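Feature list (source: TrEMBL):
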- 1-24: signal peptide (SIGNAL)
- H62: active site (ACT_SITE)
- E116: active site (ACT_SITE)
- H120: active site (ACT_SITE)
Amino acid sequence: MKLNGSAFFILFLVIQSFAILTVAKDFDFFYFVQQWPASYCDSRRGCCYPKTGKPAEDFSIHGLWPNYKDGSYPSNCDSSNPFDDSKVANLESVLQKQWPTLACPSGDGLKFWRHEWEKHGTCAESVFDERGYFEAALSLKKKANLLHALENAGIKPTDGKFHTMGQMKDAITKSVGYAPFIECNVDSSGYHQLYQVYQCVDASASNFIECPVFPHGRPCGNKVEFPSFSSASSHDEL
């Protein structure tokens with residue numbers, strides 16, 4: 001059967017539309033992950049403050065990760081679209097405050113951001129470009145305002161004071177509307193401390209949602225510390 005020009009064009013559009021829909025369904029939702037810097041630093045590996053100095057006592061972004069409802073996730077989806085720091089140049093000062101690196105040796109954040117974009121961001125190119133990826137994460141951090149949510153419930157960063165996991169989850173759920181997954185690590189004294197908070201976000205990276213599935217992070221006991229960042233230790237590497 002021969003196709004005339006008009007029929008061929010229509011067929012082409014149908015194929016393109018199907019391809020776009022297929023790409024758009026390459027993941028089901030996002031995990032938006034923030035970490036508590038004091039707990040990151042209070043671990044065996046310690047931490048190194050960024051070249052811009054010690055971050056503020058607030059949650060910082062770890063990443064925005066596309067995920068599937070079965071608990072698996074895509075990664076490193078487009079090697080032809082590597083991180084280009086020029087695309088986020090005028091966001092750098094904000095990223096350094098809201099998405100700082102604490103890895104050693106001290107850095108400017110570019111390596112961290114490159115890793116997050118290339119491993120996770122490239123798997124959501126149907127939603128945003130590189131700049132849009134970082135802007136979406138920054139917007140979600142502002143919307144979540146985790147520290148404010150916890151402090152409103154009387155949970156403030158304090159060494160040696162413990163809270164139940166239920167109290168922490170309830171505080172965030174009340175503020176955001178959906179239950180988070182809270183991951184803990186263990187300090188040198190063997191106490192569990194709040195380390196990371198996972199929140200689920202719809203496939204447009206715009207709204208928090210009920211988690212289709214929770215991640216397999218390190219669990220918390222019922223007695224959890226929310227340590228002060230002022231007491232966290234740092235290596236002196238520059």
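Cβ coordinates come from backbone N, Cα and C, glycine included.
Keep in mind that what you see is a predicted model, and the values were worked out from it rather than measured.
Comparing E116 (active site) with H62 (active site), their Cα atoms are 8 Å apart once rounded. Just so you know, the Cβ of E116 (active site) picks up 21 other Cβ atoms within 10 Å once every protein chain is counted. Across the fold, the C-alpha of H62 (active site) and the C-alpha of H120 (active site) stand 11 Å from each other. On its own chain, H120 (active site) has G63, L64, W65, P66, S75 as residues at least 6 apart in sequence with a Cβ closer than 8 Å to its own Cβ.
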